[in-house]
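> Shown below is the structure under consideration.
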């Protein structure tokens, strides 16, 4: 039986923060240093997640990544040897579809963070575009993060790992995740034969399709990267009106039903 797990993992802070922390991409490869200028490291209270910079003042991540004393790192590649243009921010405001304590409402695991001050675009810092249309089945997409690179052991890399996976039919995910509705605002993605997957510490990170952020890492199987056990991603396209309304200043905007 597939256990549904929250993909945020314990982060052991040492010096700036520890290497044993996130959910890394399993079955991937080290990302190129210039491949992820939008990728954000989100950490707090011993936990680590990923996030996506969508403009100089706003970050998308998962609702279950919420916590006190949250910090966000931008322009990060190697944890041990940070880029000179790395920047750190804290949240000014956070917005949810649901309480961060009730995120397991399929498709509601989304958090929009307004930073305490804008980041400065640089060699290793730049936003990722929101989707112009939803991805179709079989689209090849990219996942990335500092999560564990082993499906059964906590082996955390110094640099984020990347992997290509496919958008799958929702029926594949519904077969393994009880309660997942046919029309839930989620994406089902992975590799049917297994071997590549998000894993512990990748929560909140992006699912990137055709150069746009299409999904937010939400939940997956345990262990990671098992055959025919894909992961579930919050579908960004279905939340576009809410995201754009919040950024425009309509903080009372409601999420899609």
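Glycine is treated like the rest: Cβ placed from N, Cα and C.
Fair warning: this is a prediction, and the values are worked out from it, not measured in the lab.
Pulled these features from Swiss-Prot for this protein:
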- 64: active site, charge relay system (ACT_SITE)
- 109: active site, charge relay system (ACT_SITE)
- 203: active site, charge relay system (ACT_SITE)
- 31-162: disulfide bond (DISULFID)
- 49-65: disulfide bond (DISULFID)
- 97-255: disulfide bond (DISULFID)
- 141-209: disulfide bond (DISULFID)
- 173-188: disulfide bond (DISULFID)
- 199-224: disulfide bond (DISULFID)
- 25-248: domain 'Peptidase S1' (DOMAIN)
- 120: N-linked glycosylation site (CARBOHYD)
- 121: N-linked glycosylation site (CARBOHYD)
- 1-18: signal peptide (SIGNAL)
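Just tell me what is around each of these and how deep it sits.
Around the Cβ of residue 64 (active site, charge relay system), the number of neighbouring Cβ atoms within 10 Å comes to 23.
Mapped onto three states, the DSSP output places residue 109 (active site, charge relay system) in coil. For residue 109 (active site, charge relay system), the number of other Cβ atoms no farther than 10 Å from its own Cβ, over all displayed protein chains, is 31.
Within 10 Å of the C-beta of residue 203 (active site, charge relay system) we count 33 further C-beta atoms, all protein chains included.
If you draw a 10 Å sphere around the CB of residue 162 (disulfide bond), it holds 19 other CB atoms from the protein chains shown.
The 10 Å shell around the Cβ of residue 65 (disulfide bond) contains 28 further Cβ atoms across the protein chains shown.
Look at residue 97 (disulfide bond): DSSP puts it in coil. Around the Cβ of residue 97 (disulfide bond), 21 further Cβ atoms fall within 10 Å across all displayed protein chains.
DSSP assigns residue 141 (disulfide bond) to a strand in the three-state reduction.
Taken residue by residue with DSSP, residue 188 (disulfide bond) is part of a strand. Counting only same-chain residues six or more apart in sequence, the Cβ atoms lying under 8 angstroms from the Cβ of residue 188 (disulfide bond) belong to 167, 168, 169, 170, 172, 173, 230, 231, 232, 233.
Residues near residue 224 (disulfide bond) in space but far in sequence (CB under 8 A, at least 6 apart, same chain), listed by position: 26, 148, 151, 197, 198, 199, 200.
On its own chain, residue 120 (N-linked glycosylation site) has 56, 87 as residues at least 6 apart in sequence with a Cβ closer than 8 Å to its own Cβ. In this structure, residue 120 (N-linked glycosylation site) belongs to neither helix nor strand by DSSP; it is coil.
The C-beta environment of residue 121 (N-linked glycosylation site), restricted to residues of the same chain at least 6 apart in sequence and closer than 8 Å, consists of 56, 127.
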> Looking only at C-alpha atoms, tell me how far residue 31 (disulfide bond) is from residue 203 (active site, charge relay system), rounded to the nearest Å.
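Approximately 17 Å lies between the Cα of residue 31 (disulfide bond) and that of residue 203 (active site, charge relay system).
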> About how far apart, in whole Å, are the alpha carbons (Cα) of residue 65 (disulfide bond) and residue 203 (active site, charge relay system)?
7
> Determine the minimum-neighbour residue: among 49, 199, 209, 255, listed as disulfide-bonded residues, which Cβ has the fewest other Cβ atoms within 10 angstroms?
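Counting other Cβ atoms within 10 Å of each of the disulfide-bonded residues 49, 199, 209, 255, the minimum falls on 255.
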> Just give me the nearest neighbour of residue 64 (active site, charge relay system) among the recorded positions 97, 141, 203, Cα to Cα.
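Of all the candidates listed, 203 is nearest in space.
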> Which whole-number value in Å describes the distance between the Cα atoms of residue 109 (active site, charge relay system) and residue 162 (disulfide bond)?
22
> Do me a favour and check the Cα-Cα span between residue 203 (active site, charge relay system) and residue 162 (disulfide bond); whole Å is fine.
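Just about 14 Å between their Cα atoms.
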